[in-house]
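Data first, discussion second: the structure below is written as structure tokens.
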Amino acid sequence: GVHVPLGRRSHRRHRHHGHRHRKRSKERDSTAEDGRESPSHTDTPAQRVQFLLGTEDGDEEHIPHALFTELDEICLREGEDAEWKETARWLKFEEDVEDGGERWSKPYVATLSLHSLFELRSCIMNGTVMLDMRANSLEEIADMVLDQYEASGPVGEDARRKIREALLKQHHHQNHKKLANRIPIVRSFADIGKKQSEPHSMDKNGQTVSPQSQPANNEGKQDVSRENSAVDFSKIDLHFMKKIPPGAEASNVLVGELEFLERPVVAFVRLAPAVLLNGLAEVPITTRFLFILLGPLGKGPQYHEIGRSIATLMTDEIFHDVAYKAKDRNDLVAGIDEFLDQVTVLPPGEWDPSIRIEPPKNVPSQEKRKIPPVPNGVTDLGESGEHGGHGGPELQRTGKFCGGLILDVKRKAPHYLSDYTDAVSLQCLASFLFLYCACMSPVITFGGLLGEATEGRVSAIESLFGASMTGIAYSLFAGQPLTILGSTGPVLVFEKILFKFCKEYGLSYLSLRACIGLWTAFFCLLLVATDASSLVCYITRFTEEAFAALICIIFIYEALEKLLHLGVHYPINKNNNLQKLTLYSCSCVEPRDPSNETLQFWEERNITASQVNWTMLEVTECEMLHGEFEGSACGPHGPYIPDVLFWCVVLFFSTVFMSAFLKEFKTSRYFPTKVRAIISDFAVFITILTMVLVDYALGIPSPKLQVPNKFKPTRDDRGWVINPVGPNPWWTTIITFIPALLCTILIFMDQQITAVIINRKEHKLKKGCGYHLDLFVVGVMLGVCSVMGLPWFVAATVLSISHVNSLKLESECSAPGEQPKFLGIREQRFTGLMIFTLMGCSVFMTSVLKFIPMPVLYGVFLYMGASSLRGIQFFDRLKLFGMPAKHQPDFIYLRHVPLRKVHLFTIIQLSCLVLLWVIKTSKAAIVFPMMVLALVFIRKLLDFIFTKRELINEIMSFSLLMSKGSFGNVWKSVNPAESAKKEQSAKRLATYLNRIE
């Protein structure tokens, strides 16, 4: 039976019904008449727990809260004064008061003896269990516990008085010595222990509202107990209070030795409602649970281990919920048995029990312990299919004209205002400063390359203006503003081919390009109108990873290539002789055999070579007059420039390593959490600023970022509006739809694959996505840029991934030793808007931007490419080729899929990646989007080579497996025998435990 000390209460579903309990009167045990069908006695503990947690309880008192657990101990001998001393605490991991008594230990994973767990089970089976007790003070709780203690056997009046006095002894907490002067924190304590129905709540000033101002439930008790006095904030560790989650409640474990006791006092108490008992816990939050174990002298270590066991159980996710929802003693015992079924026993001779296990970085989800197993023969791949594909309401065909676009607008409109209010954060400032520097260089470089390919018709200023205008429009109106737009290699290849074609056939390049752009914009809008973006659901992780890996590798390759290319402009003098340093010289001389071009140049400018004082010319003047360099210090293109190439290499790698180091600074052990978070958020910006200052201080002439300083078209023979027909024949406006089809495929695949990567479920986006709206904005701006003679911009994969990574949200309130939990992404439009607004203003900031060394930006490219490779499962599988089996990571798919099959899958994916690389870097780069599209069909063919069970590693990434509980159910469906074995072992354990009772 279970003692349920209740007042009068309404007959709610799943509530116990009992009489009001009087002090010092014998109580009768309540029986559960909650209307539910109780589990059979033949059910396993896991099934009973799953049944209990699966029931819906309308009572707010049984809704689980976060728990703070504290272990206090006492040793009371005759003639000696003693007090309760805090010896350990738990938020998630155990922290002990060190033997020196002056500090807390590092948090560690609690290791329990199996014997102490069985002893705890016996305590719950045979001791007092009081659920939903109504009490306002520790005195009332002590009286009710002692009433039950007397009911189980005779207790002398003197012994009862001494036990009561022991329970009411003062509690000494570890933080009392060091908390005399602490600055109050802004966070209100009322938000931490807040509960509307509790009699002990805190007012706005942080003072406890005394229960004497409320109707008293204790009859005949008028004295004011010490528990109900105001909270003394001078004795509270305010820094630790920040770790306590809002709404958390306390669980107090009191164990100790009393010399006069002959038999132990054991009680498990659940209060309803939770009550603030001042001085009991080290933090001023309401107490929900008490576990009391007082016994005779001589068994202190045993009591300590039992106290640690119940405290550790209260931090277990499943038993914690069981404790809140338990209806009787048997539910608690079932919770302990289910916990025992999950524990792992380590042999005593093969490890050192005194070793403290460090908290793990990733804790597997316990959701599968709450869910009943899938019946044999039933496959449950629904959840896994959801994670593997990209289904959902955003990609369902509506069958209506512009139906998907309209739904996207309706989905995003309610969040539009919050897209700006959510950006009020230092993290957003750090993000757009980092991405602005990262976006500027590729846009200007792309413009420069385009200018060389088109003889200046579309160059750097057009690229800067187009990127700014398109990016601002996209940030304001797109469905997924986290995506960053940029230029792509295939577009540059297309522009080169088109310009060459126009030059050969005497056509106007800008007019023909405008026609192709307008047709492409029309086709994009047609795809939007017909809900063609719903085809994105066929893009699987196989295609995503191949595309993302290719773009990341291109970023890394181009960063290194640009660094090596600096060696052409700043060559190394390989013929150095330290003894001849004083003889080195390089002077300008008249060309011995001037070319026809040089002679024509002199003639046009009336220059007589013999009258020029060549030896007095500077390097720039010598190059301008087509002079030659002569001397031992001359290189192929002029004088050797000392130190520049070496300094560029130093800047490049310093940027990479410093960015990576500062980004990981969040997990270091130095400085407070807030400082570490700011350094991590501003990592790349701090790195760029540091490198610029060091470069400026040293004065070495490293190549700098060149930004156009005048806002006007590069060529004077063109304006900002292009006539689509112009001097070209009229029929070119029609025939250009053929190349526009190829452009449309290029735009569609680049845009949507990047959008799929950004909208992955792992990113936990809450505001939804808008594939149709994204493509609509890109299509409209593509048409605008075509008419204005500006480059085309589409989603940039690496920049978008870097943008998302820079806006990751993590839990601020994490238990000591617990890694902050990933909460999602800070979804807003402000960062993208500011990136491209600043980019447009760059024309007016050349006086500042000219100090940024190009090697620093190349280093940022390498960092972005390398950091974006994280989380791509393909690279994890690629590393397995060089690892012996015993050193391979414990990936889920390696446990269940043969290694040769994993290698075969990886080789196929690697072959596709190599093929994409070859096409991307060859003259056939124009068909690159077609090959990306072909990956979808290659993935479909893999269904004929691999079974669904073997493709489980492609359905979900390993990181997703570790964060979700779905894989357990999926695996049970493909391997039901193993699940059945576990159920049988659980039943055998329950039978054994009942026998030893």
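Placed from the backbone N, Cα and C atoms, the Cβ positions cover glycine too.
What TrEMBL records for 1-47 (among others) is region 'Disordered'.
Summarising the annotation, TrEMBL assigns compositional bias 'Basic residues' to 1-25.
What TrEMBL records for 26-40 is compositional bias 'Basic and acidic residues'.
The domain 'Band 3 cytoplasmic' annotation in TrEMBL covers 65-353. If you take every residue in the domain 'Band 3 cytoplasmic' (65-353) and average the pLDDT, you get 77.
If you look up TrEMBL, you'll see 195-228 (among others) marked as region 'Disordered'.
As annotated by TrEMBL, compositional bias 'Polar residues' applies to 204-219.
The region 'Disordered' annotation in TrEMBL covers 354-393 (among others).
Under the heading domain 'Bicarbonate transporter-like transmembrane', TrEMBL lists 400-951.
Per TrEMBL, transmembrane segment is recorded for 429-451 (among others).
Tertiary proximity for the transmembrane segment (463-486) is limited to same-chain residues at least six positions away from its ends with a CB under 8 Å from its CB atoms, namely 408, 411-412, 419, 435, 439, 442-444, 446-447, 450, 707-708, 711, 754-755, 758-759, 768-774, 777-778, 780-781, 784-785, 788, 790-796, 799-800, 802-804, 807, 825, 827-829, 832-833, 835-837, 839-840, 842-843. According to TrEMBL, the feature transmembrane segment maps to 463-486 (among others).
The feature transmembrane segment is assigned by TrEMBL to 506-528 (among others). For the transmembrane segment (506-528), the list of distant contacts is 402, 404-405, 454, 457-458, 495, 498-499, 718, 722-728, 732-733, 736-737, 739-741, 743-744, 747-748, 772, 775-776, 778-780, 782-783, 785-787, 789, 792: same-chain residues at least six beyond its ends, Cβ to Cβ under 8 Å.
Marked as transmembrane segment by TrEMBL: 535-557 (among others).
Residues or ranges marked as transmembrane segment in TrEMBL: 644-662 (among others).
Listed as Cβ neighbours of the transmembrane segment (682-700) (distance under 8 Å, sequence separation of 6 or more from its ends, same chain) are residues 426, 430, 433-434, 437-438, 643-644, 647, 651, 654-655, 658-659, 662-663, 665, 851-853, 856, 860, 863. Sequence annotations record features per position, and here TrEMBL assigns transmembrane segment to 682-700 (among others).
Per TrEMBL, transmembrane segment is recorded for 730-749 (among others).
Summarising the annotation, TrEMBL assigns transmembrane segment to 770-794 (among others).
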Can you tell me which recorded stretch out of 429-451, 644-662, 730-749, 770-794, 902-919 has the most Cβ pairs within less than 8 Å of the transmembrane segment (535-557)? 902-919
For the transmembrane segment (644-662), could you work out the same-chain residues 6 or more beyond its ends whose Cβ comes under 8 Å from its Cβ atoms? 559, 563, 566-567, 570-572, 679-680, 682-684, 686-688, 690-691, 695, 698, 700-703, 853-856, 858-860, 862-863, 866-867
Please report, as numbers and ranges, the same-chain residues at least 6 past the borders of the transmembrane segment (925-942) whose CB is under 8 Å from any CB of it. 489-490, 493-494, 497, 538-540, 542-543, 546-547, 742, 745-746, 748-750, 753, 905, 908, 912, 915-916, 919, 951
Contact set of the transmembrane segment (902-919) with the rest of its chain, CB cutoff 8 A exclusive, min separation 6+ beyond the ends, reads 542, 545-547, 549-550, 553, 874, 877-878, 880-881, 893-894, 925, 927-928, 931-932, 935, 938, 942, 945-946, 950-951, 953-954
